[in-house]
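Data first, discussion second: the structure below is written as C-alpha cells.
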C-alpha cells in the first residue's frame, strides 16, 4: 500500500486492518473511469515552480502571500520546504527575503506596497489571469464600465477588481444579477470573467446580459481558461453511467467545485469532492460499479495515484481512460529564476518519483 507524504497532518493513508480486504481474498471488480486532462494546469505548475526555485535560489524562508494555489497538500509541501504563508504584506518582515504573489493575481495596490517597502517580490499570477486584467483595463481605457462575471470574495476576483478605478467595475455572480443590473450607460459596457467558472453557467449569464445590452463588448478572447474548459469537457464525457464521480481538489478551489457540479449535471449519480484517500466515501462505492475521477487544476497527480492505490487495496480495478483533449501548454518562470536548475526531485512532493 502506498503512503503519501503527510507533511505533518492529514494526508497519510489509513492503515487500520479492518479497513482493507485480505490480500488473499477475492476482490470485487470496479471500473475507474479516469479523465484526461486532469490536475495541474500550466499556470499552477508555474506558480509552484516559482516558490520551489525561489527557495533554492534565496534559501528559506520565502514568504507567499495567500495560498500559492488552492490545495492544502501543495501548501503543506511547500511549507515543509521553508515557505511561510501570509495573507497580507504586513506580515512580511524587512529581512531581504522574497515574497511571492499567488497564482490568483493581486490588486495593483499589493505590488505598489511591496515597492514602497523595497521588498523583493515575485509575481506568480497565472498569465491567463493577467490576460483578464489586461482585458478589463482595456474596457476601462475605452470608456466602458466593466462587468466582471465571477464569485464574490475569490482572490482572482479581488485581484481583477483591484486593477481598475473604484466605481468602474460591477460584479455579476448570477443570471438574476444580470437581469437586475441597471447601468449608467447601457451602450458603454464590456465584460470579462473569472477564469475558473462553469462554462455553462457563464454562458447563461452572458446570454442574459447580451439580450439586455446588445452593445456590450466582449473581451478580445475567451476569459475562461483552456484548462477549466478542458477539464469540464472531460468530466461531461465521463459522467454518463457513473455511479460516483470523484473530483480531487480542495473545498476552496473554485475550479474543483465547478467540476463536481458539472459531473452531477452531466449524468453521474453522485459527485463528491475529496482532498485525498482519507476522504473517500466508501459507502457510496458499488462493487461492480463505475467510479469516474478527475482532479482540479490545483490538485497534484500524487493524490490521484494514492486514491487509485486505495481502491486497488479493496477492489479488482480496471482503468478506463476518457481523453477529450491534449495539453502541452508551458508557462516559463520569470527570468530571474531561469538560471536556477529545477529537477524532478524538487517537484517529487507533488509529481511523485516518476
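Glycine residues also receive a Cβ, built from the backbone N, Cα and C atoms like all the rest.
Going by TrEMBL, these are the annotated features:
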type     : residues                              : note
ACT_SITE : 156                                   : active site, proton donor
BINDING  : 41, 126, 225                          : [4Fe-4S] cluster binding site
BINDING  : 70, 104, 154, 253, 254, 255, 298      : dimethylallyl diphosphate binding site
BINDING  : 70, 104, 154, 253, 254, 255, 298      : isopentenyl diphosphate binding site
BINDING  : 70, 104, 154, 195, 253, 254, 255, 298 : (2E)-4-hydroxy-3-methylbut-2-enyl diphosphate binding site
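Everything TrEMBL records as a feature, shown here on the structure.
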residue : record                                 : Cβ contacts under 8 Å, 6 or more apart
41      : [4Fe-4S] cluster binding site          : 225, 226, 227, 297, 327, 329
70      : dimethylallyl diphosphate binding site : 104, 249, 250, 252, 253, 254, 256, 298
126     : [4Fe-4S] cluster binding site          : 43, 44, 46, 47, 103, 104, 105, 195, 225, 331
154     : dimethylallyl diphosphate binding site : 104, 194, 254
156     : active site, proton donor              : 104, 105, 129, 150, 194, 195, 196, 254
255     : dimethylallyl diphosphate binding site : 196, 227, 228, 231, 249, 296, 297, 298
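A 10 Å cutoff on Cβ-Cβ distances gives residue 104 (dimethylallyl diphosphate binding site) a total of 27 other Cβ atoms nearby, all chains included. Those same-chain residues not listed among 70, 104, 154, 253, 254, 255, 298 yet with C-beta within 8 angstroms of the centroid of the isopentenyl diphosphate site C-beta atoms are 69, 155, 156, 196, 250, 252, 256, 296, 297. Looking only at the binding-site residues 195, 253, 254, 298, the densest Cβ neighbourhood within 10 Å occurs at 298.
Secondary structure at residue 254 (dimethylallyl diphosphate binding site), taken from DSSP and collapsed to helix, strand or coil, is helix. Site extent for isopentenyl diphosphate: among the recorded binding residues 70, 104, 154, 253, 254, 255, 298, the largest C-alpha separation is 15 Å. Around the Cβ of residue 225 ([4Fe-4S] cluster binding site), 26 further Cβ atoms fall within 10 Å across all displayed protein chains. Excluding 41, 126, 225, which define the [4Fe-4S] cluster site, the same chain contributes 42, 43, 44, 103, 127, 128, 129, 195, 196, 226, 227, 228, 297 within 8 Å (Cβ to the Cβ centroid), listed in sequence order.
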